[in-house]
Amino acid sequence: MKALFRFKSCLFDPTRRRNQLVSFSGFSKSSKSNKTRETTTTSKIQAEATAITSLFNEITEILGTDVVKLDETTRLRSHVSGAVSDNGVSVSCTEGVRQNAAMGFSGEDEKAQKVLHEEVDFSPVVHEITSVVRGDDVLVSMEDRLEKLSFRFEPEIVENVLKRCFKVPHLAMRFFNWVKQKDGFSHRVGIYNTMLSIAGEARNLDMVDELVSEMEKNGCDKDIRTWTILISVYGKAKKIGKGLLVFEKMRKSGFELDATAYNIMIRSLCIAGRGDLALEFYKEMMEKGITFGLRTYKMLLDCIAKSEKVDVVQSIADDMVRICEISEHDAFGYLLKSFCVSGKIKEALELIRELKNKEMCLDAKYFEILVKGLCRANRMVDALEIVDIMKRRKLDDSNVYGIIISGYLRQNDVSKALEQFEVIKKSGRPPRVSTYTEIMQHLFKLKQFEKGCNLFNEMIENGIEPDSVAITAVVAGHLGQNRVAEAWKVFSSMEEKGIKPTWKSYSIFVKELCRSSRYDEIIKIFNQMHASKIVIRDDIFSWVISSMEKNGEKEKIHLIKEIQKRSNSYCDELNGSGKAEFSQEEELVDDYNCPQLVQQSALPPALSAVDKMDVQEICRVLSSSRDWERTQEALEKSTVQFTPELVVEVLRHAKIQGNAVLRFFSWVGKRNGYKHNSEAYNMSIKVAGCGKDFKQMRSLFYEMRRQGCLITQDTWAIMIMQYGRTGLTNIAIRTFKEMKDMGLIPSSSTFKCLITVLCEKKGRNVEEATRTFREMIRSGFVPDRELVQDYLGCLCEVGNTKDAKSCLDSLGKIGFPVTVAYSIYIRALCRIGKLEEALSELASFEGERSLLDQYTYGSIVHGLLQRGDLQKALDKVNSMKEIGTKPGVHVYTSLIVYFFKEKQLEKVLETCQKMEGESCEPSVVTYTAMICGYMSLGKVEEAWNAFRNMEERGTSPDFKTYSKFINCLCQACKSEDALKLLSEMLDKGIAPSTINFRTVFYGLNREGKHDLARIALQKKSALVAQRTVS
């Protein structure tokens, strides 16, 4: 059984197991004590630092004495990201995807479509239908208005309307549900591909699953684009297990796995940090002779460079030379950059030494990469030494000095940055605009407004043309000094210089005005944006409206909402045939979630992504000691530049260490030039609530209000959720009312948080949940599937099935899919043992019965097995197989639970083999059921095998898995193993509950292991102290 749930390398050729690149056995943890581990780690770090210093001295000696020849042909250059054809012409991966998309129809269909598009212009019809779908009419429903239209809803029209609804998935789904009920509707693969892309962009994986089931039921065959969209959607959601399953199903469906499918899969794995799996796919590609472009190679290099597999990384660089037809010089330049970005300075220096041994010419670009890597690693002295070598060789320029300046600014050392700035100017080289901008931003943050303005004037006097980022930085500086007129003057100078303000420039302007409550000026900006045909995003409107509500500007909110309506109307016109908006859907496959999408020209440095290395460094400091004075001393010595974005990420990653991170939050808030924003306060409130430190949570809320930070519905939703999840639902209700008393209108997320906690067993309040749910419906919000499932499940559990049934009609009227609503209701009935009532509801359903059967048959099977009717359950499974619906993971899990309960281990193994045969990926619930099942049979070793194998297959154990395994181990007198699981939970950032500690404590005492029981109590006390401040 141990091998039964091991990761399926059957995805690949079995003969390749001998020379696998990666091993999946590295998940088990060492049982050494923390003290030994810290000593070993410290010694290792010291030894590595000594080795790097020695190596660096050797490299500087080599570089300092070598004579460099300037060869323009060997400089790093950008290449077209694509595979190389037989004749040497580079082929874009994007082009390949679009070719795949064209394969969705047969050749005859393609010709018919072409003729149809040539003869008929559908755009006026599409525009009119879209205006109805996206229109705002509270009196007449969308469906009623669509019925009055006299158009034929041809597949091309439907597809283009859906493309225009790309950013409003709930409206797209309502239109889709309506139009497919029309007579003569054609279930075309293009329409489903569009809907899958919309659902994927909205991160609604339930909708994706429903659409796939619907395609299968209606006999709509998937084309190659369908498969690539599904792989992309699951990859973007970091559901790697599902992505792998789709990839395998694509293989079994008879489609040839081309470069596009592999490309998306490898990118997904790289983004998820699963370099080991990416290497497996890469090796399979190489064996099949399939290649991809330079861009994916760079992603693979960056991902693998973070590991210790230096030889593998270098072999990939060799493949880049062979396949992408780039020079060794360029390939090793990319390799050097990957090492530097990953913080592998030692490996980077060793690579430089190897290149010199090969007598490869090192140009200025290599030096720049090395300087940037040293600056990122906070080795400024070493970076300056490399710059000095460049200067002696006359390779230094304003670009490399700009890198040094950025390094000092990251350390908040403005004085040294200015010294280097003077060095650039004295050398006679003009500094870059980005260097000016970065220094100005830091001066404005340090309240040195005059110096920042003087620098801007100096830049203009020296003939250096500022870009939109530089001008926006000066505008923000003026607004920080409440100089609105001057800010407008500088902002207007953009157009005078021929620079068109970007939406980012406008959004920064708006947010700065919000902080000083200049709402008349904001209305002026919105009107200007509308006149300039610049789309105003909904999050900007929400920000402004929330700020106005907080300050009691209710009259002006009406004006803002009118502008928002005009802006939405303009968006519809802008989309035209849907291409402008739907181009983002294409990027889901073509440029899916690529890290290089953010461009510095469009994004000010201060707003760029947080450096992960900085986050890791601060988290390491916070976890290194429980003595706050020592931690504070280490933070003071840190060279990291603290920004609100960085603070948010630190709080998110280290939230289990509530005491340390909240002290850090307080400490960083008192630093000169730093101020918390709303997002930072929201995250700190969440951290305090997760640690049940409600006194500190409220204290942070009041501090947030005193500091003038914008308190939105999200802030209240966080507090409501934190109170509710611990059973303090009365306080959660009072907090919700307190929010409304302050004039804030509840948002969809606020309603969801309150209803969810009111429906939970701990602190359940059904009456208040019903009242709040009805208020949410009256407010015009459509609940998501998860909320409906919680609410209907709660009503059925307390026996209030009448209200649950009446709720179905209300949901149907507001656009919630009726079939989905009934499937949730039937599921709830099955879970409380009312199987006959569930079957009665299923039989009397007047809608699309076959679709409801697909949605509910797993619940029916579960209910039958709970009652002990195995034969009827198997008959149900077989009947669904006959109509083409295979059992899902839910059905298989129910069968496994039943067979374990009946002690039929052979049947369990048989069911597992069927799952593997049908490529049905086990879920975390399946693994948990197997662990508990083996423990119930006294097979402890097999339970541990199942637990470890789930990690090897990429499924991480969650809190419930750990809790149930701990309970089973303690019942089996294996409490010492359960104690190890507590430690593993803490290592993974999962906080054990009080019940977990109590179970282990009692188990150890029953077994006579009193010393270990005291250790369990000490762990609990340490965790409480670690998570709370009050």
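Every residue gets a Cβ built from N, Cα and C, even glycine.
Per Swiss-Prot, the feature repeat 'PPR 1' maps to 188-222. Same-chain neighbours of the repeat 'PPR 1' (188-222): 101, 104-105, 155, 158-159, 162-163, 165-166, 169, 172-173, 176, 229-230, 232-234, 236-237, 239, 253, 582, 584-585, 588, 784-785, 817, 820, 850-851, 854-855, 884-885, counting only residues six or more beyond its ends whose CB sits under 8 Å from a CB of the stretch.
Per-class residue totals from DSSP over the repeat 'PPR 3' (258-292), listed helix then strand then coil: 27 helix, 0 strand, 8 coil. Per Swiss-Prot, the feature repeat 'PPR 3' maps to 258-292.
Annotation comment: Swiss-Prot describes 328-362 as repeat 'PPR 5'.
For the repeat 'PPR 7' (397-431), the DSSP counts in helix, strand and coil order read 26 helix, 0 strand, 9 coil. According to Swiss-Prot, the feature repeat 'PPR 7' maps to 397-431.
Same-chain neighbours of the repeat 'PPR 8' (432-466): 398-399, 401-402, 405-406, 409, 412, 414, 417-418, 421, 424, 473-474, 476-477, 480-481, 497, 600, 604-606, 672-674, counting only residues six or more beyond its ends whose CB sits under 8 Å from a CB of the stretch. The repeat 'PPR 8' annotation in Swiss-Prot covers 432-466.
Positions annotated as repeat 'PPR 9' by Swiss-Prot: 467-501.
Mean per-residue pLDDT, taken over the repeat 'PPR 10' (502-536), amounts to 80. According to Swiss-Prot, the repeat 'PPR 10' annotation covers 502-536.
Packing against the repeat 'PPR 11' (677-711) from elsewhere in the chain are residues 514-515, 543, 546-547, 550, 644-645, 647-648, 651-652, 655, 658-659, 661-662, 665, 718-719, 721-723, 726, 728, 744, 991, 1027-1030: each is 6 or more residues past its ends and has a CB under 8 Å from a CB in it. Per Swiss-Prot, the feature repeat 'PPR 11' maps to 677-711.
Under the heading repeat 'PPR 12', Swiss-Prot lists 712-746. Beyond the repeat 'PPR 12' (712-746), the same-chain residues lying 6 or more positions past its ends with a Cβ under 8 Å from any Cβ of the stretch are 542-543, 546, 549-550, 552, 554, 678, 681-682, 685-686, 688-690, 692, 694, 697, 701, 704, 752-754, 756-758, 760, 762-765, 768, 772, 775-776, 779.
The repeat 'PPR 13' annotation in Swiss-Prot covers 747-783. Residue counts of the repeat 'PPR 13' (747-783) by helix, strand and coil are 25 helix, 0 strand, 12 coil (DSSP-based).
Residues 204, 206, 752, 755-756, 758-760, 764, 766, 769-770, 773-774, 777, 820-822, 824-825, 827-829, 831-832, 834, 837 of the same chain, all 6+ positions outside the repeat 'PPR 14' (784-814), place their C-beta atoms under 8 angstroms from a C-beta of that stretch. Swiss-Prot lists 784-814 with the feature repeat 'PPR 14'.
Residue counts for the repeat 'PPR 19' (958-992) under DSSP, split into helix (H, G, I), strand (E, B) and coil, are 26 helix, 0 strand, 9 coil. Summarising the annotation, Swiss-Prot assigns repeat 'PPR 19' to 958-992.
Among the features that Swiss-Prot reports, transit peptide is placed at 1-77, with the record citing sequence analysis.
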Tally of residues which DSSP labels helix, strand or coil - the repeat 'PPR 9' (467-501): 26 helix, 0 strand, 9 coil
